[in-house]
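Chemist: Just dropping this structure here.
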């Protein structure tokens, strides 16, 4: 359903697209045969250096991992001895950090560090945190796997590189080879394949050069391919696990939710104390004064008129207080949401000083909690439109697609909105809005180039995991 409010709003925003720049030496370029591109060559030699450095470190990492695995059972006879074993296990984190630095510098791959080990108190808990640290054990596992992989990944490409160098330069250095007698009884100078085949004719020289070039191509593919294997291995063993990232995300969103709830409660308490309570006290005093006047001099017309004025003032104050209470209640749970998100968004648009078009297409009904977050998100964004954007119109679109509630607010203002930046374009509470959206595993995207337009898209799940 849709509703249009005064003035022509901007057109609905186009679907957003994300573009990422292609790397200088991309695998796609290599796949197209761009063997001699400077970027591809640079990448090949850099990643060969990574394989060589990994081969140098791999025996030490392997030996350390073996010691770290064997040490805890060996020292288990003395409980105190398990603590040194635990700290040896923690060395796996140091090895993982070294390999991450190598991947960042030589493979141009950034791997996030795992979450810090939890600090615990108590003998057994501390011992368990040392010996049961999954990130440390994954670092040790990487050291175990790196040795055989490093041997194969370096020796095999280098073998093809040797063939490539020898084949493409044979025409130059073959003249310094000693003469050999072939099966035909004649003397030959050049590389030989068996007793009767020598590379000593121009045709055979060109064939060997072609073989060398083909070997160089294989060398490139093997080097970059093995480096990618190390990337995949590092991404799985050297970084945080999906479950640990999920735990950290939930901890952060839980903290944001608690902070937001506390701020809301404090604001409600302040509004009740400074506004509603003061008005109710005034009303009580006015009613008490009127009652006293009527009780003592009720027959006097002037006194009766004064009392009526006091009661009229009290009645007006009560009406204002009721309006304040409704506003406070609306800030907790908007009554318009009782009729659905579409009606609630239309109500927001009708109250907005800027003309707003609302377009709602809900194939599925979101959970009440999700509707509430979507409502307040749109309310916050429309407030930003009025206060900061200088827009003449706005467009609100809410739809359900692929099990997700998409809410998009677009305005034709001057743009430049950024979360957490003060000023006309940035003091918009977008950071806090992103935190509130994240409490239900939602996210918020902002597209606001300087000069406009500003498009803010909120993605929310249809239901909240419990």
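Heads up, the Cβ atoms here are built off N, Cα and C, so glycines get one too.
All TrEMBL annotations are machine predictions without curation.
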Chemist: From the ranges 77-98, 99-120, grab the one TrEMBL calls transmembrane segment.
Modeler: 77-98
Chemist: Under TrEMBL, which of the candidate ranges 181-205, 206-230, 231-255 is annotated transmembrane segment?
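Modeler: Result: 206-230 is the stretch TrEMBL calls transmembrane segment.
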Chemist: Grab the same-chain neighbours of the transmembrane segment (140-165) for me: Cβ-Cβ under 8 Å, and only residues 6 or more beyond its ends, written as numbers and ranges.
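Modeler: Contacts of the transmembrane segment (140-165) (Cβ under 8 Å, skipping residues fewer than 6 from its ends): 48, 51-52, 54-55, 57-59, 61-62, 64-66, 68-69, 89, 92, 95-96, 99, 211-213, 215-216, 218-219, 222-223, 226-227, 229-230, 233-234, 237-238.
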Chemist: So what's near the transmembrane segment (50-71) in sequence-distant terms, Cβ-Cβ under 8 Å and 6+ beyond its ends?
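Modeler: Result: 84-85, 88-89, 91-92, 95, 98-99, 102-103, 106-107, 140-144, 146-147, 150-151, 153-154, 157, 223, 226-227, 230.
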